[in-house]
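Listed in TrEMBL:
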DOMAIN    240-312  domain 'PAS'
DOMAIN    315-367  domain 'PAC'
DOMAIN    707-744  domain 'PAS'
DOMAIN    770-822  domain 'PAC'
DOMAIN    854-992  domain 'GGDEF'
DOMAIN    1001-1255  domain 'EAL'
TRANSMEM  12-31  transmembrane segment
TRANSMEM  203-223  transmembrane segment
């Protein structure tokens, strides 16, 4: 009843309220019209006054010829001219409001009247009498324009003194006629204005009366129909229900209604479509929907519902559902409840909305950011980790902890027929998992990991249809929550050797950018694995060399070869191996000297080579059978029983190059490190051949004493009194003394270290024999190392008679061992210590610092722009540059310091014995660092050409082992990057704030990679003005509108873009934007002759397709090449001048203008400058800033302008901020200017308005 009564009361007062509102609106409209007319009238008065004064001053000027009268005329005529400009701007489509306001201000209209005048033109010009008075005013504009024409001609004739009195008299008559016409128009304006205002008021009152009458009739009609509405209530209710049903069917949301007391839930048809449920049933139990909620979100949904029922808080949550067919969807559920009198919920109704697309987009962005973080962490792990398993585990843990994946594992492909993948490391959200295998029954068609290995490309599997074998590494809960996997191949030199697999708990929709980032992570991981394995292989070779040196040095005869065969088999990882001599005769056969099987020495044997593991050595010097070796021994049951899968062999040669024997090693598994095995086997072969030849020589000496002189080894017999009794020809060749010189001399003249001789002599007397390595002296004074075997010769009575010594020259073998040692710890290109040796010395320095009162420092050196030199001039030039850098660094280091090549173009200098006082130590390091900066900045002479390079140095101090080696290297690295950021060719000491800055920089780099795709960049333009004040063009300047940080300075992101290579797509985008703007300007007369200057980086210019890219962009955009100006930097003149000139000539042939930007701040070689096909020089703002107060800057500016003029180039000055600067430069002959004095960089709409205003000013001032 209350609602009905209120409705009845509302219908009673409705007509009155409507009438009042309409009348009020009419009054407001009338007041707006009258207010605008008032402004119009005031403007007309100002207009009339100005035109009268203008006529008066023009008449006075005709009589006086006084320039001041003409200036007064221009002052007054500006009022009607400004009004005319405003009307022209308002007549454009769309109206140019900014130009209209400026015109009205020039017309000296009151600021409060300007908006009224604009509204009059835009909103009320359709009113008849207003249209008439506007037409009168526009007619007056024609007379004003005529008056201007007369004045301009009169002034021109007076200035040139070519006026004719008769003509001037006729013009005075003409001026008076114009004045008469304008006065008549003023009277017509006043008449029509007053009459129109009265008519408007009369019409307005009549309209208001009619409206009131209509509303009254309408209200009566409503009251009359009131009683009819009661009969239609039932019909309206039915229609409402039908409409609700249609709305439910038409909406994209699913609706539900839970009757809590009845314990039933109603689901709309759309609701059932979302969960893909069949059947016509509409009512369900509350638990019916719970079965569709994702297991991971069930608790979330229940807690939210319970909180809502308990506290009546808002129910608005997002969660996942799994449809009947297994699809994963994200939904948003919202609800409201109906409560009883005590606040207990009786009914709960709400909706679900499918937000899968939005959620997937959000998750994609999140995954891309996570991928960037994972890539950064992986790169750090590769650089810092030396153990392969630790590296793999760190990457897997990063994928789980940072990437949010359920589980990650790394596996390596096996070469077996079963195509097995062996897990190498694995981590999940439950922690580390023990390795396992994917077995052979998984075909590559059903296993994504095998597909990735075979194809060498990423494989992405979405949904729940994953092979059960592929999911065997997951727990039951993880398998239930797994909705996809990403398999990333691990590649090296064109082949795939493993795979990184990531399991996802969300439906995968991986973008191309994320896929590229993840594959880049996998490539970094593959590089790290290969690097660690190479280091491990080097260590194994070193160990093998030590085993040879230590293991067999104390043995001789048969024991020597048994020990060598044992060490060889163990070092190579074989199951069996043997050393054998070739036997004379046919067929070729052999006799083993030592045979090892499963670590045990077995009996020797003779056999024919054909059909044996040494058969291949009949025709080749060495061989490797990496797999399926059993196929070569199908006829040998003995070898088949051994299950031989691979074997290697090598012939042994004596010093004459004749084959004397062979080495063979058998393996029960396929070979994985064939290169390591062949290299190591060569070392064993050299040692075995040497010993085999020596033993054969000893045998011949013992059998035939007459043949001793023919032995390859030096044979010396000395008596107990150490006098030499026998000296063979080899001893002559080896030591330089003839038999005559050596015989009867004491053997001590060979001694380099007497104590070694005495120890060997004592041993042979006591034991009867001695063997080992010993240093001896040649006749020329040089020292050599020999392998010597001493045997005590006794008489028949057992008393010692003499000592037989057989010396073998092992100089070459020792040199080979030293070479291997050198390769392990020194850089082969620069011959400097490598990273491994530097870290070893740094460890020792830190330990020594705990006991010695000294401190040290690390100087991390990186060559600036080395990549550009390497890419443009070739790797051979880059290598020569690195060698010269190494020589210069080594020249300034002391004996206790270490200069190492860390990798690429990075060097590290470790300084020791610095002052313990940190301040004094910093001073010492700074002096050395400044010396390094200086010496590395000197020109480099390479292949007859001069090249330039600088360096950036990061410095950190240390005194003991409190900080680990990795942390010290990281600090020096951070300080080096800070030096680069500060402008390069600089040094920086480590500051903890650098780590924070690095994190910020990494985030900015990640945002920069996304900025182009998100369209966050925009282009501003800074006008360029000539000496006549006319705009001749503009420079395109890119700006970054960061969504969170706002406008980011180009000084912050342009260097980052250069460093990361993003300058290429960014520069192309700016070029395309500028070309499109030129094409748009070409259709307008006032902008068709303007140019746009675009900055080009060195990296862009050096790209092989740069010129073709420029042509393509101009052609695609339809821009005129003659209107495009490319601004190049002086750094182009450093290298490859011929290529630079060729590209510039090709660009010039297209009509493109070339400008040299920031001239005088870089490599300003006049020799190169005169060869460059330039059109323009730009004076850098650093010279313009103080040109009026600094004589040096003024002199530089004059010189640049004079140089430009002498070369026939246009000269433009940047950074002009005052009229005094412009005047000075103009006096020196500068052609154009750019700077804040004229305009700051502005967006295109403001630039076009600026161009329009500039043209208007030029037209007004043009006589």
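Here the Cβ of each residue, glycine as well, is placed from N, Cα and C on the backbone.
Just so you know, TrEMBL annotations never went through curation; they're auto-generated.
In the predicted model, residues of the domain 'PAS' (240-312) average a pLDDT of 70. Packing against the domain 'PAS' (707-744) from elsewhere in the chain are residues 654-655, 693-694, 697, 700-701, 750, 761, 776-780, 784, 786, 793, 800-809: each is 6 or more residues past its ends and has a CB under 8 Å from a CB in it.
Residue counts for the domain 'PAC' (315-367) under DSSP, split into helix (H, G, I), strand (E, B) and coil, are 12 helix, 30 strand, 11 coil. With helix defined as DSSP H, G or I and strand as E or B, the domain 'PAC' (770-822) counts 12 helix, 30 strand, 11 coil. Applying DSSP to the domain 'GGDEF' (854-992) sorts its residues as follows: 63 helix, 41 strand, 35 coil. Each residue of the domain 'PAS' (707-744) gets a DSSP state, and the totals for helix, strand and coil are 15 helix, 11 strand, 12 coil.
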